[in-house]
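As recorded in TrEMBL, the features of this protein are as follows:
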type: BINDING; residues: Cys214, Cys360, Cys412, Cys415; note: [4Fe-4S] cluster binding site
type: BINDING; residues: Ser261, Asp323, Asp324; note: Mg(2+) binding site
type: DOMAIN; residues: 1-198; note: domain 'Glutamine amidotransferase type-2'
Amino acid sequence: MQHRGQESSGIVSSDGEHLYRYAGMGLVANIFTETKLRELQGTSAIGHNRYSTTGASFLRNAQPLRVESHLGAVSLAHNGNLVNSWELRSQLEKEGSIFQTTIDSEVIVHLMARSGEADFLSALSSALKKVRGAYSLVILTKTQLIAVRDPNGFRPLVMGRREDGAIVFASETCAFDITDTKYERDVAPGEMIVVDKNGVNSYYPFPKATPSLCIFEYIYFARPDSSIFGESVYKIRKSLGRFLARELPVEADVVIPVPDSANIAALGYAEESGISYQSGLIRSHYIGRTFIEPDQRIRDFGAKIKYNVVRNVVEGKRVIVVDDSVMRGTTSRKIIKMVRNAGAKEVHLRVSAPPTISPCYYGIDIPTHNELIAATHTIEEIRKYLRVDSIAYLSVESMNRAVMDHKGGGFCNACFTAQYPVEFQNELGNQKSLFKEYQVEERVV
């Protein structure tokens, strides 16, 4: 699951008496040596790879969190973003709460501690009824493993079972393939699943809400070998590419993807259009996903060393470059320049998603409104900036059809439409700046 976060990683385990935690900055393979893994004793555990949307990229913000309260030791890992965490945090601090991190997830454990509820599940339910936004949570106590998904179901969360009976939760089904786990079902929006000595029990403690599954998971974030929201990511991405070819054809000699996230959409485009699909851009897999890096300077540098062009694929040819999305446009501009420098006769950019015009406040670090190129420029201005012969985006209608033909309705597409399913007081800006006054530089040794 490294593709979902590469800033920090952590694991908390339980042996029934104690919780053991270890976390570090960087990639999983560099943090968890055999020695460190052996120190994590127990029969149950939760893990987290962090991709920051709220709170700075510091070691103290690494998840899972581990805290002690009158409810006992608890550890929590969170995928998503809480849109009212700033107000809740301010109120909790006025009441005497002392926060140890700058992440929104810590608000949940403080709300639990101040809920007045005597038992753990009641305290958790009470806390989650006060937060708004996106959360898929896994929670570990000394004796329980709990999975919870917000009532809108923004972020994916799936459940599986191993042959030995062990229950496994993950953001995507690709995690099951390497752990010999059989997929059973998605954790439903608004559902809380508790695994303990009494077995596996399901609860629905929250009021129902309109399903708002993140459509960007299918476009970019999830791995193509996963199924999320009950449907194959591979199938959806290929469908997006097919709709793109039908809606926005152009005469060309070759279709090339921006690897790896656009590979399947480009394949769908090529199959639908009848134009040859070629791997004209080669990605260095020693470089991580630049979109989810926390710093724009890292993203820009990453783009320079991440891709290289196969000259004999593009030289003298009319080239269609398929990408999954265009945010700031800086990476796209560099890629187009590389393709032109390799001798392409024409370069046409086709994007398998609509123009991204609005930030995401539910767990994807899409830039602020002013940083989004499609929010502040016309299509023609974008074409000139990227220096392509033509550019075209998939329409919102075709995107919805490509997904809903397979899955049905109930998706959040606010980043393309500015229609937000969960309200917040005002434009929050860059999510990571929510707690900027609390962010103190911290060295990690």
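Along the chain as shown, residues are numbered 1 onward.
Each residue, glycine too, has its Cβ placed from N, Cα and C.
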Neighbours of the Mg(2+) site Ser261, Asp323, Asp324: Cβ within 8 Å of the Cβ centroid, same chain, sequence order.
Ile219, Tyr220, Pro257, Val258, Ala262, Ala265, Val322, Ser325, Val351, Ser352, Ala353
For Cys214 ([4Fe-4S] cluster binding site) and Ser261 (Mg(2+) binding site), what Cα-Cα distance in Å is obtained after rounding to a whole number?
16
Alpha-carbon distance [Asp324 (Mg(2+) binding site); Cys412 ([4Fe-4S] cluster binding site)] in Å:
17
Check the DSSP secondary structure of Asp323 (Mg(2+) binding site), expressed as helix, strand or coil.
strand
For Asp324 (Mg(2+) binding site) and Cys360 ([4Fe-4S] cluster binding site), what Cα-Cα distance in Å is obtained after rounding to a whole number?
16
Averaging the per-residue pLDDT over the domain 'Glutamine amidotransferase type-2' (1-198), what integer do you get?
94
Inside 8 A of the center formed by the CB atoms of Cys214, Cys360, Cys412, Cys415, which other residues of the chain have their CB, for the recorded [4Fe-4S] cluster site?
Phe154, Ile215, Phe216, Tyr362, Gly363, Ile364, Ile366, Asn413, Ala414
